[in-house]
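Take a look at the structure set out below.
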Amino acid sequence: MYQSDETDNEQASLVSSQSMKPSPDTLTKLVKRLRALVTKLLPVEVDYKSINDPTSRVITPNVISAFLDAAGDLGEALPYCLLRAHADFKREAYLNPADFGENTGRAVACEVLARRIVHQNPSEKIKSLMSTRYRHREPDGDISEASSALEIAIDTHCTIFLSSTEAQNVVRALWDGELVQTLTDQDDIQYVSYHESRQAGFWGHMNPSRISVPRYQNFLRIVIWFLFLAVYSQAVREPLDLLDPNHTVLDVWEIVLYTMGLAFSLEDTHRFYKLFKYATYRAFGFWNAAALITDSLLLAACLLRIAGLCTTGDHSNTLRLRSFQVLSFVAPFIWLLITIFDGHQYVGTMQICVSRMLQESGIFFALLSVLGIGFLQGLYALDVADGSSEGPSLLVNVLVQGLLQSPNYDKFSGSPVGLTLYYLWNVATAIILLNVLISLFSSAYAEVVEDAEAEYMTFFAGKTVAMIRAPDSYVYPAPFNLVEVFFVAPFETFGLRPQRYAKLNRDIMSIIFFVPLTFIALFETSIVKKSWMTSWLGQDDEVDTENPDLLDPVVEGLDADNGLEISKIPFDELVKRFPNTEQSMEATIVKEIKEIQARLEVLTTKVDRLHTSH
């Protein structure tokens, strides 16, 4: 977390607004009012796509205006409250399956309203609307953790809101380090602009807080992944290199491997803590499970290795062998960490597809487990019918072989009943369940690809905010977090004053991350020096629709002397010929009908007057 030494006007305004935040009870009342309005707006089930349509007949300009007025003086908190209402409707949808469609439609309406309302605000207010943190009163009476509209949208997977230009601009600013976190006088968190990145020289950029910038964190993790991969490759070669089965000393590569594994485990534990504290258990996905399995395997291999060192004889050699066997299982999961390149859209979309498909396969594995237990019990009963048994593990192996399209029919050739059961198992799995799994994979892939850009932007927003989300005050990426845990954090526990503790962290981070900070400083100062080039390459190509010189240009020079003219017809006259694309076809028809109705009323009034006069 970045903590500025100077308080500029912008930060001062944010801090002053902090003290004027509405109370949790007031915000809870607004959330309930918004939910009542949305329920009135959508009393029946409505197609989700029609709600999100830019020319929706549901979310019209009048509806948006009504919700803006419904917030009263709390307009700044309206996007936050709408997204909170969205989360409540989603929870009700899962708790009450009978009204799943209605509540899901209302949740989508809240999300669309939040996006449209943010879009209507001036650009200078977007950051405040997105990042200001509020608290509300939870159903059990407790006050919630402080969170912002951006964080709620990430926790509840709001693809519509997070794929908006405004949300992505804030996310990109956080990713690049243009927006940084700072503590207010009330120990709350606000995002402020990092002005030093455009003003200070090289030494001004040697700021340890820049390590917490998501872009630099991501790059550092990629470098560490390559180093971890090299260390693992050397560690698994240790038995072959030493050629001594009785070797009882930890190799240097093993020490480094297990030290880095401990650091990764602590980092993942901290990540899981934040996940369950600030989000919900539904946010625990496939890649979190993969990280948990990797940490568990590394821990098991390390414990077996240490146990082998503490014993002697054949038992020691057995434990050493088991340690390296467990360690070999880590390799596929380490290579799965290639997803650290998910900052690129292709890799990120691939990761989303794999994760979604594995989530959808839950139905398949639930059916498979129940069916497998039934067939296993039946085959085991046949196996023990003659008074002897080959063991259930052998039967499990045969069933798995059949599931993987390599059935062993000779195993049951002597038992017609057993062979029949085995036939049924292969028919149920190979023909029925596997086709169900293929259908689930296909539908999940189609859903992700259909909305791939929005899904990736949502994923990228979650990745960015997760790197800087509270309560991280000083970011030590693994394996450097071991330094924080064992050598820095105890000073905070022993009551070191906050100012001295902050200075201690800055000094230690400056030493540990001297090389990365040097590259960061060179990178950021080179951006400032070449600002003319970045401005030229990344110049704004948007058309200003309010500039009359652009709308009705005047020809000058030789072309003007020759009588050439562009703006023979004014821009406003040309626009009048366009259809109103901000309204749906139904709204346009209704508007025209109302105009005709008004003219008919005028005509009827005139006819009645003429009839009365005669």
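Glycine is no exception: its Cβ is also placed from the backbone N, Cα and C atoms.
Automatic prediction, not curation, is the source of TrEMBL annotations.
The compositional bias 'Polar residues' annotation in TrEMBL covers 10-21.
Residues or ranges marked as domain 'YVC1 N-terminal linker helical' by TrEMBL: 28-206.
According to TrEMBL, the domain 'Calcium channel YVC1-like C-terminal transmembrane' annotation covers 254-530.
Annotation source TrEMBL lists region 'Disordered' at 1-24.
What TrEMBL lists as transmembrane segment is 219-236 (among others).
Annotated transmembrane segment per TrEMBL: 248-266 (among others), in sequence order.
The transmembrane segment annotation in TrEMBL covers 286-307 (among others).
Among the features that TrEMBL reports, transmembrane segment is placed at 319-341 (among others).
Per TrEMBL, the feature transmembrane segment maps to 362-382 (among others). Non-local neighbours of the transmembrane segment (362-382) in the same chain are 389, 392, 395-396, 398-399, 403, 412, 415, 417-418, 421-422, 424-425, 428-429, 433, 436-437, 440; each lies 6+ residues outside the stretch with a CB under 8 Å from one of its CB atoms.
Counting only same-chain residues 6+ beyond the ends of the transmembrane segment (422-441), those with a CB under 8 A from a CB of the stretch are 357, 360-361, 363-364, 367-368, 371, 375, 379, 398-399, 402-403, 405, 407, 409, 411-412. If you look up TrEMBL, you'll see 422-441 (among others) marked as transmembrane segment.
Residues or ranges marked as transmembrane segment by TrEMBL: 508-528 (among others).
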Other than its close neighbours in sequence, what residues sit by the transmembrane segment (248-266), given a CB gap under 8 Å and a spacing of at least six beyond its ends?
224, 228, 231-232, 234-235, 238, 242, 291, 294-295, 298-299, 301-302, 305, 308-309, 316, 478-482, 485
